[in-house]
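Below is one structure, written out as structure tokens; the observations come after it.
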Amino acid sequence: MVGVSVLGISGSVGTSTVKVLRQFPDQFDLRSFSVHSNWNVAKALVEEFSPEVICITDPKLVGKFGDSYLSTKILYGDKALIDLVQLPSVGVVVTAVMGARGVLPTIAAIEAGKKIAIANKETLVTFGPLINRLVAKHNTVMVPVDSEHNALFQLIERETRSNIRAITLTASGGSFRTLPLEALEHVSVKQALNHPTWSMGPKITVDSAGLINKGLEVIEAHFLFGFSYDEIEVVIHPQSITHGIIETTDGACLLYASHPDMVYPIAHSLFYPNPTPQMLIERKPSTWNTFEFFPPDTKRYPGLLLAYQAGKAGGAAPGIFNAANEEAVALFLEEKISFTTIPRLIESALNQIENVFPETLDGYLEKDQETRNYIQREFNQGGVTT
């Protein structure tokens, strides 16, 4: 029986993780989890799984629900996430919280020797060199949960590294893949949140609509697998059935395909290095009638090019890209800027903020905060057309 901690259990990845835990009750035991503010979800899961500790991170809710419920201890605030992952009973940590708040508990889990099922891409994008040094130092196992990276993880394990010429991340194309370019300036938040394939949170759905999510995943793939940016490609695949592709030196391509359901990569990350037992959800290839692949339109998706630019620059540039995007997407979701202003703000940040090569966590965090301040200042001063 493996103890599991899930950071961000009420989100889409967390919800899918619970499905896997229910399917394999003899293999996994939910020992701790966090929610931001959804007490109803937390209460129901405490009643179902009886974890040792839970955490509510919303600062407005500190103390509201007491210090325990049934036999489960209740903690509050982002700092308490570290307590969840350090429990002796926890063997694997699923990091599914959004944004930079995932980095400190991830570092704590690495230093505690826990297996990491990482779904918080911002941790690797912003702090990639630091995280990789810690993983090597503590001999930690880190398995990606994102469907594309998990697919590549499995494909790369089956092939000799010297035989792999390139890796490819697939993308659905998001909510606006077929929308006329001139209409992008005027799309609404509601339109952006209407993803054709996946059910995800608002921020990641907006990222997907502009392929910025895929840009973040390109940077993440670089740090996870060690491929150069020239060896990492992106293709539009509207069916979302093929999740990852590797091209071998003999000219062949190996594809990982599955029904678009997050339970597959989550189950793999929990069971790894052991094989995943037969899942209750099955899909037959005979139901996959069409596979389409085509290159992304960089006029439609300028954020993807900016991600490659930031990744190749290295240092704090990927973190600048990520922080600028987080702030810009928040402004869009509040209907304060247009959809096409998001990449313009990111480009402005990359051009105006000095890139550095931090050696410490604080160095990365300082540049992250500088970027967020810059975006807010640009918006408040009207520095970028909205």
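Backbone N, Cα and C atoms are what each Cβ position is placed from, and that goes for glycine too.
Worth saying up front: this structure is predicted, and the values here are computed from it rather than measured.
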**Request:** Return the residue out of Asn38, Asn40, Asn139 that Swiss-Prot annotates for the same NADPH site as Ser10, Gly11, Ser12, Val13, Asn120, Glu122, Gly201.
**Result:** Asn38
**Request:** For the Mn(2+) site, Swiss-Prot lists Asp146, Glu148; sort out which one of Glu185, Glu217, Glu231, Glu233 goes with them.
**Result:** Glu217
**Asked** Where Swiss-Prot shows Lys121, Ser147, Glu148, His195, Ser208, Asn213, Lys214, Glu217 binding 1-deoxy-D-xylulose 5-phosphate, which of Ser162, Ser172, Ser228 is named for the same site?
**Response** Ser172
**Prompt:** In the same chain, which residues outside the set Asp146, Glu148, Glu217 have their CB within 8 A of the centroid of the CB atoms that define the Mn(2+) site?
**Reply:** Lys121, Pro144, Ser147, His149, Asn150, Leu169, Lys214, Glu220, Ala221, His243
**Prompt:** Given the binding-site residues Asn38, Asn120, which one's Cβ is surrounded by the fewest other Cβ atoms within 10 Å?
**Reply:** Asn38
**Span of Ser10, Gly11, Ser12, Val13, Asn38, Asn120, Glu122, Gly201 around NADPH - largest C-alpha separation, Å** = 23
**Item:** Lowest local Cβ density (other Cβ within 10 Å) among binding-site residues: Gly11, Gly201
**Value:** Gly201
**Complete:** Densest Cβ environment (other Cβ within 10 Å) across the binding-site residues Glu122, Glu148 belongs to Glu148
